[in-house]
Amino acid sequence: MNNRVHQGHLARKRFGQNFLNDQFVIDSIVSAINPQKGQAMVEIGPGLAALTEPVGERLDQLTVIELDRDLAARLQTHPFLGPKLTIYQQDAMTFNFGELAEKMGQPLRVFGNLPYNISTPLMFHLFSYTDAIADMHFMLQKEVVNRLVAGPNSKAYGRLSVMAQYYCNVIPVLEVPPSAFTPPPKVDSAVVRLVPHATMPHPVKDIRVLSRITTEAFNQRRKTIRNSLGNLFSVEVLTGMGIDPAMRAENISVAQYCQMANYLAENAPLQES
């Protein structure tokens, strides 16, 4: 039997489809999400409704975003979920979550078993809507969750860690083995909770500057910042901020990156493109 077929649907590699089928894991995730009636719940990539059904049971309405036309059609005709669902058959990577929150009159609670091939770019897309989001619960590749929660001085710490923690409080929830899916992925998975900060702990004046600094630093992570960021900061400026120029990208805290971004925004602002 083709192990890519689950509930009569052939998992599509180009959509990165792996369907969750372990009831204990499903119950644990739904319990962590704790959906309540009246909340603006939004699922990305509902697939064969492994999470959609138990979450939908607790709600009067649920919004789902599904790129796969066949799966969106299945949900439309679902015996008990159908009437509760608002289905957007489109790519979450281009979806306007701000408009949806405005339409629903409250911040969104977003969740999903995300396709691993788009999880990192989708995170960055969602970070741009954190004003419109109450919280997020996602199943991701375990390695991505490790990067989201990593602190300085660790191999997993990178640009994703800095940007995620700038916007959100990041909390690992549970680990999930490949056997919980059909077809089983080649990697371990984990569930993470991201709660956008009500008050930014380290506000920056221009997010594009923070994005640029972290990109340049981590693209050359083995170099000291004296070298990787030498085109942006002199040794004197770094020292004046209390940042050792001999440190590497992975040694610098989120607070320090934000401090550097604010210095640059004030002293060498980016031109509007």
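Any Cβ shown, glycine's included, is placed from N, Cα and C.
For ASN113 (S-adenosyl-L-methionine binding site), other Cβ atoms within 10 Å of its Cβ number 25. Per Swiss-Prot, S-adenosyl-L-methionine binding site is recorded for ASN18, LEU20, GLY45, GLU66, ASP91, ASN113.
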By a simple count, how many Cβ atoms lie within 10 Å of the Cβ of ASP91 (S-adenosyl-L-methionine binding site), its own Cβ left out?
13
In three-state terms from DSSP, label LEU20 (S-adenosyl-L-methionine binding site) for me.
strand
Under DSSP, is ASN113 (S-adenosyl-L-methionine binding site) part of a helix or a strand, or is it coil?
strand
Starting from the Cβ of GLY45 (S-adenosyl-L-methionine binding site), draw a 10 Å sphere and report how many other Cβ atoms land inside it.
25
